[in-house]
Amino acid sequence: MSNEFTHINADGNAHMVDVTEKAVTEREARAEAYIEMAADTLEMIMSGSHHKGDVFATARIAGIQAAKKTSDLIPLCHPLMLTKVEVELEAQPEFNRVRITSLCKLSGKTGVEMEALTAASVAALTIYDMCKAVQKDMVISQTRLLEKRGGKSGHFKV
């Protein structure tokens with residue numbers, strides 16, 4: 001693990017990292033998030049009886065869109081040409097929650113960790129938004145990077 005913040009320059013100011021001289025490599029990142037809810041709320045999602053429509057389909061599209069917009073949301077992120085974004089949603093009724101996983105890929109000069117984290121986070125927020133009329137105390141938690149490949153820092157896996 002590095003002991004330097006790459007987004008802080010010598011004067012202590014935030015700046016966008018210069019990746020001009022970095023090599024183009026295959027990069028991939030996976031992230032996850034969970035949203036916990038009442039059993040009745042989860043059943044409504046699973047059965048497709050939610051009055052707003054298919055919650056999982058909407059959350060999946062929102063996560064994909066969010067990955068593509070990460071540089072608009074996080075000030076020092078580079079705009080990236082993503083080659084793949086995948087968002088999966090898994091109902092876990094035994095825990096009254098939904099597990100969201102994301103995968104982002106590209107060939108580029110900088111990693112896709114923030115895009116994967118943003119995809120999982122926004123998918124969870126979309127579930128909250130669609131279900132808040134029936135339950136306001138849902139909890140989004142455990143958002144984390146699961147794995148990253150490529151680039152100078154190499155492979156990371158939890």
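The first residue you see is number 1, and the count goes up from there.
Cβ atoms are placed via backbone N, Cα and C, with glycine included.
Over in Swiss-Prot, the protein carries these features:
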- D129: active site (ACT_SITE)
- L76, C77, H78, M114, E115: substrate binding site (BINDING)
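On the structure: features taken from Swiss-Prot.
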residue	record	DSSP (3 states)
L76	substrate binding site	coil
M114	substrate binding site	helix
D129	active site	helix
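Counting every protein chain shown, 15 other Cβ atoms lie within 10 Å of the Cβ of D129 (active site). Taking only the Cα positions, the spacing between E115 (substrate binding site) and D129 (active site) is 20 angstrom. Of the recorded residues, M114 (substrate binding site) and D129 (active site) place their C-alpha atoms 22 Å from one another.
The residue listed as 'active site' sits 28 Å from H78 (substrate binding site), taking the CA atoms of both as reference points. Between the binding-site residues C77, M114, M114 has the most other Cβ atoms inside 10 Å of its own Cβ, all protein chains included. Its Cβ placed at the centre, L76 (substrate binding site) has 13 other Cβ atoms within 10 Å.
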